[in-house]
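Pulled from TrEMBL:
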{"type": "DOMAIN", "residues": "4-220", "note": "domain 'Orotidine 5'-phosphate decarboxylase'"}
{"type": "BINDING", "residues": "ASP10, LYS32, 59-68, THR115, ARG175, GLN184, 204-205", "note": "substrate binding site"}
{"type": "ACT_SITE", "residues": "ASP59", "note": "active site, for OMPdecase activity"}
{"type": "ACT_SITE", "residues": "LYS61", "note": "active site, for OMPdecase activity"}
{"type": "ACT_SITE", "residues": "LYS61", "note": "active site, proton donor"}
{"type": "ACT_SITE", "residues": "ASP64", "note": "active site, for OMPdecase activity"}
Amino acid sequence: MSSPIYVAIDTPDLARAKLLAARVRNHVGGLKLGLEFFAAHGQAGVREIAAIGLPIFLDLKLHDIPNTVASAVQALHGVAPAILTVHAAGGRAMMEDAKAAAPLGTKVVAVTVLTSLDASDLGSIGVAPDTHAQVERLTALARDAGLDGVVCSGNEVAAARKLWPKGFFVVPGVRPAGGDLGDQKRVMTPRQALDNGASILVIGRPITKAEDPDAAARAIAATL
Ligand SMILES: O=c1ccn([C@@H]2O[C@H](COP(=O)(O)O)[C@@H](O)[C@H]2O)c(=O)[nH]1
């Protein structure tokens, strides 16, 4: 079985992205490319990283009116990522149209509550300050819209899976015990996140900022 670890290759530097991907490729299950990389290198860059041979998770977190999101998803057929993200807050119609426009075989998953937010952040944007309730609400919406799964933190993944036993659960905000949190607020260790029901773990800086990224990836994999 392949590793549940997807490494977030968050850099606008193509040469560094390729180097990081090559260094970790034997210890992880996939590579995640996000806004930082896509804004700098677009689909041509995604194809260069995909050539390494691991599944690509394209984390664009699309959030717009349904027609715009569906057109953007349609335009991604040239790279056909294994996983693609939209924001659940875009609503049911947006998620339905995104899934309908996606290439066959691409899992479309919805971001519920960003792992960089806590209850008081939700309050500050006019949402009831309860991250669990908001994740549950948006998980049910994504399920009913026909998506493949959701993104949430390890704190909510067990409750989300209860609502959607066959869903695909992506968990970022993953830190080895005692690791630097950076801007993440809802975090969990890799082992705990898997035990709680994560399908895959997204791990960036604990690997990419380590002095020896392959050793860091190996060490995390050994805890699973
Ligand atoms: O809620 C979310 C959704 C996506 N992410 C992304 O995951 C990685 C995490 O990187 P770390 O360096 O391990 O913190 C990053 O690419 C985010 O864009 C998230 O963190 N939380």
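Each Cβ is built from the backbone N, Cα and C atoms, and glycine gets one as well.
Distribution of TrEMBL features across the structure.
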residue : record                              : Cβ within 10 Å
ASP10   : substrate binding site              : 18
ASP59   : active site, for OMPdecase activity : 25
LEU60   : substrate binding site              : 19
LYS61   : active site, for OMPdecase activity : 16
HIS63   : substrate binding site              : 17
ASP64   : active site, for OMPdecase activity : 15
PRO66   : substrate binding site              : 18
THR115  : substrate binding site              : 25
GLY204  : substrate binding site              : 19
Near ligand 1, which of the recorded positions show up if the criterion is a Cβ under 6 Å from one of its atoms? Options: ASP10, HIS63, ASP64, PRO66, THR115, GLY204.
ASP10, THR115, GLY204
Rounded Cα distance in angstrom between GLY204 (substrate binding site) and ASP59 (active site, for OMPdecase activity) is 13
Spatially closest candidate among ASP10, PRO66, THR115, the listed binding-site residues, to ASP59 (active site, for OMPdecase activity) (Cα to Cα)
ASP10
On the 0 to 100 pLDDT scale, where does the domain 'Orotidine 5'-phosphate decarboxylase' (4-220) sit on average?
98
How long is the line from the C-alpha of LYS61 (active site, for OMPdecase activity) to the C-alpha of THR115 (substrate binding site), rounded to the nearest angstrom?
13
